[in-house]
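Enquirer: Below you will find the structure I want to go over with you.
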């Protein structure tokens, strides 16, 4: 049995009309992950619905409602092999009302491909594109490549490609802390497959890698196995004859049968009996594994989604308050002391109150612009002190980055995103 290729999780981000789903569909098809017969069937279906050209995107848009609307809603996971990796695609939704999915989706990615429409050079960078790139950066994705798509609509013009590339570098990438010189840009036409898996003869002026080769050039993630165990709970099931089975993804550390564990902020203590993934028992599970596990001594009513599992010797931190660096993405008015929106951190959703606005920063450089500002508005970056209204596990990004990041939502939109830089633990 040949050793399995390492898995690389790649998020596809960008504006809804940039052709992300088509790009992903093309990678899956040319990568041999889709039966070509399926594409023929979907093509017919797309033509009947008056959406010819959407057939690749149909592959990702599994849900019927999504097919009708032509919008990707839930985060879809699909796999295809490249020369080096088994790539799992995290296709992140583009529409603003699905940004929450984007936040939970992007945090599972090792690298991101930003898909942009070459035509945006004329209309300017879409706000959604900015938000996705910024969120990816905040969520800790340090590897990024850019696919400049729909090159067929500008006759594969090198000038248009260069204009878009420069605009992205100057007006977006530098601002959020990516160095454009270290980022690979690829001119693609996903609908026809140009430079996706196969080199295109229509871009003789481009001698860089294809999109599949760019993915192969990403570095594999280092699993944070040496950090303390942290496993945010997604769901809790009660299975007859087995008992309580919490489900979640190991973020850091290692979990195995026999471990003495604690759920915080619930405070429930138990012992791991079994660990399972895809209905198979495991001797242990490590970061990235989505598992179900059986715990002795803990009932279904004792724990819930948003609790975090750790070892009793190093329990998760329940925050009395925390200091965070945030960036305000959008807000109809201003944020002031006393503002209490909902924080989405790991699997928890808890309202937190702004206790202090300590510093306003330059979002591009991090330098302090103002001490103790009176308010924050869209586009501002800041250091703030926050207090959860209910018990919440939060870790400092310096210690356990996977549990230090969050998004702030209000009025049905993501108003800000950030990370905890210092956490004051609650006294028991």
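Each residue, glycine too, has its Cβ placed from N, Cα and C.
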Enquirer: So which range, 65-69, 70-74, 75-79, 80-84, gets flagged region 'G2' in Swiss-Prot?
Expert: 70-74
Enquirer: For the region 'G1' entry in Swiss-Prot, name the matching range from 14-21, 22-29.
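Expert: That would be 14-21, the stretch labelled region 'G1' in Swiss-Prot.
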Enquirer: Any idea which of 91-94, 95-98, 99-102, 103-106 is down as region 'G3' in Swiss-Prot?
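Expert: That would be 91-94, the stretch labelled region 'G3' in Swiss-Prot.
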Enquirer: Inside 10 Å of the Cβ of residue 151 (GTP binding site), count up the other Cβ atoms and send me the figure.
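Expert: 28, counting other Cβ atoms within 10 Å of residue 151 (GTP binding site).
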Enquirer: Treating G and I as helix alongside H, and B as strand alongside E, what does DSSP give for the region 'G1' (14-21) in helix, strand and coil?
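Expert: With helix first, then strand, then coil, the region 'G1' (14-21) has 5 helix, 0 strand, 3 coil.
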